[in-house]
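Participant: Structure in structure tokens, see below.
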Amino acid sequence: MTAQPTKKLYISDVTLRDGSHAIRHQYSLEHVRRIAAALDAARVDSIEVAHGDGLSGSSFNYGFGAHTDLEWIAAVAETVRHARVATLLLPGVGTLHDLRAAYDAGARVVRVATHCTEADVSRQHIEYARELGMDTVGFLMMSHMTTPAALAQQAKLMESYGAQCVYVVDSGGALGMQDVRERFRAFKDVLRPETQTGMHAHHNLSLGVANSIVAVEEGCDRVDASLAGMGAGAGNAPLEVFIAAAERLGWQHGCDLYTLMDAADDIVRPLQDRPVRVDRETLALGYAGVYSSFLRHAEAAAARYGLGTVDILVELGRRRMVGGQEDMIVDVALDLLARRSAQAGQAVPSAAVA
């Protein structure tokens, strides 16, 4: 039987980073301050803030942010008294210069994120973060796309570069509970005892909280979650729900549940221009194993070309597209449009391919 945790869990909030996807990266500085103040009052351990795609993610490909990463980071740093300010960096999107600037703005935790089979590209960023004295975390995205043993070897690479914690990141919300269990057991087999592990869940199959609980049962130290589940796709594990479940299990988490409940309903949920929930489109993400932040891009392409969002998402999953390939969503839409036109014996309208 799995042992119950006796240590205090590290609660990592991602409302102001992953949650940015849910509103197309349009958080105002006032939104950021209000959310950060509520999270700080609830005593979460860290608050991650950046464009949804990490430092320097604001771009034509990913979507432009309402503010710069440094403005958002500084707003959180000026607000909090307890929580540490965290940020996310994807090598190839964010640079060492961006990391230094984020540190100067107040970030003290960085999660260096790569695709689950590409940990080797994180070396210089992890090493530099350690030089800065940051709490340095490896973040293995789309963890469902490789085996537990192979994922563990990638985690070991990140550990060897200096990562103090390595995450199983279910970017597609596609992992089942046994999948999570097997990945944490594989981590335990190869990582040093002092290296922490973390779980970042998405709720596309409604398993965000369940998978986080399984991870903790397997020795996970850090849990990502967001207020009202605010995040890409069907969102992350809802923070207030996870804390309520952890409380009922008798786990030490250090957070004020009622403050989180109020913040979720009174501050965060009203910001959603598209409900963050499991529905036809977000369920397709988890079913097909598609990167959750593709949702809004796929919906835009579907509207533009008169296609079904689910059809685009399922095709993206079939082609095993990964984070960073947002530009391919339009290509997939055009391929589907051409296929449909060919079946109907029609040419693709020239306006559609312009």
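Glycine is treated like the rest: Cβ placed from N, Cα and C.
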Participant: Among Asp18, Asp40, indicate the single residue that Swiss-Prot lists for the Mn(2+) site containing His200, His202.
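Facilitator: So the Mn(2+) site in Swiss-Prot includes His200, His202 plus, from the candidates Asp18, Asp40, Asp18.
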Participant: Which one of Ser56, Ser160, Ser171 goes with Arg17, Asp18, His200, Tyr291 at the substrate site, as Swiss-Prot has it?
Facilitator: Ser171
Participant: Which secondary structure state does DSSP assign to His21 (active site, proton acceptor), in the simple three-class scheme?
Facilitator: helix
Participant: What whole-number Å value do you get for the CA-CA distance of Ser171 (substrate binding site) and His21 (active site, proton acceptor)?
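Facilitator: Cα of Ser171 (substrate binding site) to Cα of His21 (active site, proton acceptor) measures 12 Å after rounding.
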Participant: If we count other C-beta atoms within 10 Å, could you say which of the recorded positions Arg17, His21, His200 has the fewest?
Facilitator: His21
Participant: Neighbour count, 10 Å Cβ-Cβ cut-off, for Ser171 (substrate binding site): what number do you get?
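Facilitator: Excluding its own Cβ, the number within 10 Å is 32.
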Participant: Measure between the Cα atoms of every pair in Arg17, Asp18, Ser171, His200, Tyr291, the residues the record assigns to substrate, and report the largest value in Å, rounded to a whole number.
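Facilitator: Greatest Cα separation within the listed binding residues comes to 15 Å.
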Participant: Starting from the Cβ centroid of Arg17, Asp18, Ser171, His200, Tyr291, which together make up the recorded substrate site, report each further residue of the same chain whose Cβ lies within 8 Å of that point, ordered by sequence.
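Facilitator: Those within range, site residues removed, are Val14, His21, Gly52, Met141, Val169, His202, Gly231, Ala232, Asn236, Ser292, Ser293.
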Participant: Taking the Cα atoms as reference points, how far is Tyr291 (substrate binding site) from His21 (active site, proton acceptor) in Å?
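Facilitator: His21 (active site, proton acceptor) has its Cα 12 Å from the Cα of Tyr291 (substrate binding site).
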